[in-house]
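Here's the structure we're looking at; comments come further down.
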Amino acid sequence: MNITIISVGKIKEKYLSDAINEYSKRISRYSKLDIIEVADEKTPESPSDVEKSKILEKEAERILKHLKKDSFVITLEILGKEVTSESLAKKINDLSISGKSDITFIIGGSLGLSKNISEISDFKLSFSKMTFPHQLMRVILLEQIYRSFRIINGEPYHK
């Protein structure tokens, strides 16, 4: 299994970097993991709809450069489907069993993801109806991927 996380924006806070490194190390027991950061666009304080659209398209271009053709794409979106940890584990396991060895998770920037990226998504995932900082979402996603592998392998995990 190969898992790629494409995320818009750089992690600046050490505590988030530490958590990302820890979960990356834990996941490496189960899967190859690549984390790709693409640059985010500077967003004005009160961007117009046109400015938002241009920003999202520029970020989408950067994301698409790193997307593998045969990868199963899971986008993190507010309007995506909310699932349990067990359901996410089942999804990952089912993909592996069906021969999909590459999964790419995409995390947008502060404005989310462009329509173009959303349209190529094989599965739209939401962690909550609440909004989280995209940097923190990377940690939350990694924890859930790690938890998924623990569940798949019948190993204990915190409930």
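Every residue gets a Cβ built from N, Cα and C, even glycine.
Residues or ranges marked as S-adenosyl-L-methionine binding site by Swiss-Prot on the basis of sequence analysis: LEU76, GLY108, PHE127, SER128, LYS129, MET130, THR131, PHE132.
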Cβ neighbour count within 10 Å of LEU76 (S-adenosyl-L-methionine binding site): 24
Which same-chain residues, if any, lie at least 6 apart from GLY108 (S-adenosyl-L-methionine binding site) yet have Cβ under 8 Å of it: VAL8, LEU56, GLU59, THR75, LEU76, GLU77, ILE117, HIS134
For S-adenosyl-L-methionine: widest Cα to Cα gap among LEU76, GLY108, PHE127, SER128, LYS129, MET130, THR131, PHE132 in Å: 16
Sparsest Cβ surroundings (other CB atoms within 10 Å) among the binding-site residues PHE127, SER128, PHE132: SER128
All-chain count of other Cβ atoms within 10 Å of MET130 (S-adenosyl-L-methionine binding site): 7
Around the Cβ of LYS129 (S-adenosyl-L-methionine binding site), the count of other Cβ atoms that are within 10 Å: 8
DSSP-derived structure type at LYS129 (S-adenosyl-L-methionine binding site), helix or strand or else coil: coil
